[in-house]
């Protein structure tokens with residue numbers, strides 16, 4: 001019996017050469033390899049299907065190596081490629097990608113994917129599997145942020161804060177050991193991975209060291225606490241000693257120096273620059289220059305992404321609220337206005353498309369939207385293809401390289417930058433199975449299924465009193481991985497290695513504690529598919545942006561995909 005490509009795609013999902021449009025964007029994904037081949041013995045669950053006893057299900061017990069979960073026939077999209085594969089999970093970690101089934105009667109079954117009676121199945125055919133998103137610029141203002149992020153496909157959040165205090169609404173810091181401990185305790189009840197940044201603003205090391213020893217995974221320098229060269233040098237010196245990252249919001253007012261002085265204070269040491277365009281804060285008007293330095297790992301925050309006809313209008317009020325400014329004080333208004341430049345906003349989109357800005361983050365409730373990191377990343381990719389055409393690495397058939405570049409901005413690159421890439425950030429054996437399944441029509445905007453360590457944590461679910469799962473009202477709802485002791489088994493807390501070794505953490509934490517590592521000595525070249533180092537200049541009078549001597553800009557978008565069409569109900 002022979003199947004047409006169309007019939008095979010309907011039954012088993014796309015294979016090599018099949019192409020998928022991502023939601024209502026202009027982005028086309030093409031399957032590059034099919035690891036479930038040869039055809040004819042696909043693992044498919046359901047009535048009359050193959051995953052049955054003696055067929056694609058073997059007699060292997062868990063003790064004999066059968067996986068706990070197999071996701072079948074998914075299109076795996078990650079920074080490293082686009083493949084059709086079955087994915088196996090055991091003990092919460094990915095064990096293999098390849099062909100699942102029963103090796104007693106099937107050829108080519110991948111070791112680790114031998115389906116047994118103890119194996120659960122999630123059907124991935126016709127769906128796209130990506131790593132869970134990682135948002136590393138979180139103001140922990142409200143615990144409800146976690147649900148908004150989770151329901152958008154984010155599974156890891158790092159940042160700082162203590163709730164809706166003035167300090168937290170403006171800065172991404174959890175200051176001092178007492179608050180770090182209380183926040184570590186509070187975050188135990190939310191079903192995502194978390195890590196906390198301590199306050200990095202000090203000219204002497206002792207107060208910074210005690211925060212790292214209390215569990216902080218890094219330090220945040222913020223201009224509202226004083227981002228002076230002395231502060232920068234001290235924070236980076238401490239970070240080098242303890243192998244943690246430093247994130248910085250630089251000095252918008254140029255009070256203690258200009259961008260050149262800040263770059264000099266880095267002394268070539270690795271640092272993560274938040275909202276590198278500057279509307280979120282940073283040396284006016286030319287903080288954007290930092291994206292051309294090899295020791296700088298730059299990110300954007302999502303309110304400026306992508307640049308639209310509405311971007312300018314909303315920023316002034318946002319800024320006044322977030323930074324405790326008064327519209328009645330002329331100096332406060334001037335401070336706010338100095339950060340809002342359409343020219344640098346327009347250039348930011350292009351710098352992302354060139355791979356010069358490596359990460360995308362939210363800046364949650366502090367000039368950013370926690371549930372829109374993924375959505376705005378793909379809106380930007382769409383806008384750039386619309387304006388700039390295919391990337392040189394792509395063809396007229398697909399946008400695979402551009403898609404992988406943009407995916408890396410909220411998955412593997414923030415994981416690398418903050419020392420958690422050995423645990424999360426990509427779909428590779430050995431990493432935790434923090435995964436998101438998407439129907440192509442809803443890709444990037446509404447996930448189909450979110451897993452934490454291989455356990456379903458969230459999904460659109462119909463009326464719980466209905467006879468089947470699908471009747472309206474269909475809403476995002478937490479699933480079993482979000483409850484009871486299971487939550488603490490499949491969601492992890494990142495802490496410093498020093499805190500684990502020296503016993504500086506609060507007693508009674510129930511979650512698995514994982515140390516951050518390998519944050520120092522990173523360079524832009526470690527940012528997957530986003531390692532460009534252009535020379536960037538900003539004209540101090542006109543704010544025009546030059547990249548390697550050529551002016552770059554983009555038009556404000558009037559219409560975007562992944563917008564009202566998906567939020568009518």
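Every residue, even glycine, has its Cβ placed from backbone N, Cα and C.
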Looking at the Ni(2+) 1 binding annotation from Swiss-Prot, with 137, 139, 363 already listed, which candidate in 49, 220, 431, 446 is the matching residue?
220
Please report how many Å separate the Cα atom of residue 249 (Ni(2+) 2 binding site) from that of residue 323 (active site, proton donor), as a whole number.
12
Is any of the recorded positions 139, 220, 222, 323, 363 within 10 Å of residue 275 (Ni(2+) 2 binding site) (Cα-Cα), and if so, which, in sequence order?
363
Could you tell me the C-alpha distance between residue 222 (substrate binding site) and residue 323 (active site, proton donor) in angstrom, no decimals?
11
Rounded to a whole angstrom, what is the C-alpha distance between residue 137 (Ni(2+) 1 binding site) and residue 323 (active site, proton donor)?
16
